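Here the structure is laid out as structure tokens; the discussion comes afterwards.
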Amino acid sequence: MYKTFSMELAGRTLTIETGKLAQLANGSVLVRYGDTVVLSTATASATPREGVDFFPLSVDYEERLYAVGKIPGGFIKREGKPSEKAILTARVIDRPLRPLFPKDLRNDVAIVNTVLSVDQDNSPELAALLGSSIAVSISDIPFNGPVGAVILGLIDGEVIINPTEKQKEISQMYVTLAGTRNKIVMIEAGANEVPDEVMLDAIKKGHEEIKKIVDFIDGIVKEVGKPKFEYESAEVPEEIFNAVREYAYDKMREAVLAVDKQVRDKNIDDLTKEITEHFAEVFPEMEPAIKEAIYKLEKKVVREYILEEGRRVDGRRLDEIRPLSAEVGLLPRVHGSGLFTRGQTQVLSSVTLGAMGDVQILDGIDTEETKRYMHHYNFPGFSVGEAKSSRGPGRREIGHGALAERALEPVIPSEEEFPYTIRVVSEVLMSNGSTSQGSVCGSTLALMDAGVPIKKPVAGISAGLVVDENNPDRFVTFMDIQGIEDFFGDMDFKVAGTKDGITAIQVDIKIDGLTEEIIKQAFELTRKGRLYIIDNVLLKAIPEPRKQMSKYAPKIISTTINPDKIREVIGPGGKMINKIIDETGVKIDINDDGRVYIFSSDIQAGKRARSMIEAIAKDIEPGQVFLGRVIRVTSFGAFVEFLPGKEGLVHISKLDKKRVERVEDIVRVGDQILVKVIEIDKQGRVNLSRKDAMEDEWDK
């Protein structure tokens, strides 16, 4: 049955339509927020997937360019693979929903969001997140929601809920916040050095709005929600877990204690083999369940060390960071490089500087068309000791790259200050947790090594969490999580920033949400950590950005011309500018306001190109004398190119002081001659005189 539900959200109407579209899905809703329209669907398989030890959830966010009245570029003229923005949005939707599905559910669940219309002021990403939550909540798929979400801005110290496009442009932060009625389940933020306490206050205010949205969704579920289906639990049989725990508890406590990840992994592998062989006869044909019990025991032991004893499996205190080191200038030919190492996590970041014409062109549903600063993250198999080939970046790599990019963006100099396109690539060489935050630190080092005048160094670190499963009010937070703590812990709270404030946040959780106290402690820990890294590691490796750029980086020569002359400099079909580029080997970028940037590794070639551009853009006035080249001869005179791309006519009567019978008697094609501008007619044609120019020379 078709029904609609509406509420006011940030001064605009949010409307949910059910019972009309995509009725074969387990749950579907059409979300309208202003003129932004998104179809959200949730579908589950009837039976569990065989042979998996995880919950098989997939989330897609599909942009349709017709939503903004665009036809896709290229030859194919249809949408292809998801854009980077679509992948990042899918991850933002996935993270708050995944922890609220039953841990032992093994049925495939697919959430698909199709963007049908976008008005730019009302975020389709937010509409998709809300639509996904509602679609799952009203479906028969087991789910412990619902989840509400808002976007937070900050303008002149005031928190703005769901800012418009104009407000986003001047906002000091852009935070996607999701939560249930009592807890926060996801934070994704980019900010311009927002103090920790201001961010915490904004999260509190955002949660108050989320509670209203959750109440609204509960009302929808009450009216149209389906009963949840029964499913086959993938939980380890209690008998098997108890047997494994009794046999191997003390051995597991000993096995996990190691500073070195490889030593610990070998200990666990050896113990797993021993346990599996021991129980092969006791529980025949139950090897998968035995291995799941071993995993569960390892998790229990690691968490007990943290929660009960206040120590970690590598011997660190809860607030202790792994050994740190930083180096710059490792790679001789790149424009800038930095190596950041934290324990057994190691990231090598490299900077490449390019012309403004090298910016990334974006073809999506956003108004943003180009990107000048880019960060790419690579995670090869060898970084975790795996023998596998590289198949290009996946969703995780794209997400981690975007996080580090967002962290550095506020400190990147403006185009006016530093007119380069900047690309940073972070190569993960070793991974034992927090590689994205290692990429933030590596990027800072590489940018400073390249001579990019970043405003301040940025560091990143993460906080972890273990909550008592029997008493949710009892928990422990800790700093700088390693791989095993990320794997078995309840939270990965990543924060990057400068000494003065936060620039990026990304929070992943595995429980039903975070309380205000947990978030507060996480901010305190990460602030302490990032200040320590900036002062004691980054600034000791390189105290400030280099004054001199690499000799291999392109040099910039700039000039300013009259904007009305841009067309002349470019020439018909790009003829003039391409001629300059071909003759000098430079790259040229011309802004609409007349600013011209010339990029060249050869400074003399750059100066020559600048002279040619300035000559073309120069205003021509009667009386000026030029040394020109004859390019064409006719019966009535000679055409002379007196400036690059500019030519004029020397009439036969103006070739010499004596009478001239044939033009060829005086000049031929290719001759260089002095000419004087006599007049510029109404059509812009330039009349020249060799005779007058020669008389001026004789007078001297």
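Glycine residues also receive a Cβ, built from the backbone N, Cα and C atoms like all the rest.
Some features that Swiss-Prot has for this protein:
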- D486, D492: Mg(2+) binding site (BINDING)
- 554-613: domain 'KH' (DOMAIN)
- 623-691: domain 'S1 motif' (DOMAIN)
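Annotation for D486 (Mg(2+) binding site): spatial neighbours G433, S434, G464, D492, criterion Cβ-Cβ under 8 Å with sequence separation of six or more. Take the CB of D492 (Mg(2+) binding site) and look out to 10 A: across all protein chains shown you find 22 other CB atoms. A mean pLDDT of 91 is what the model gives for the domain 'KH' (554-613).
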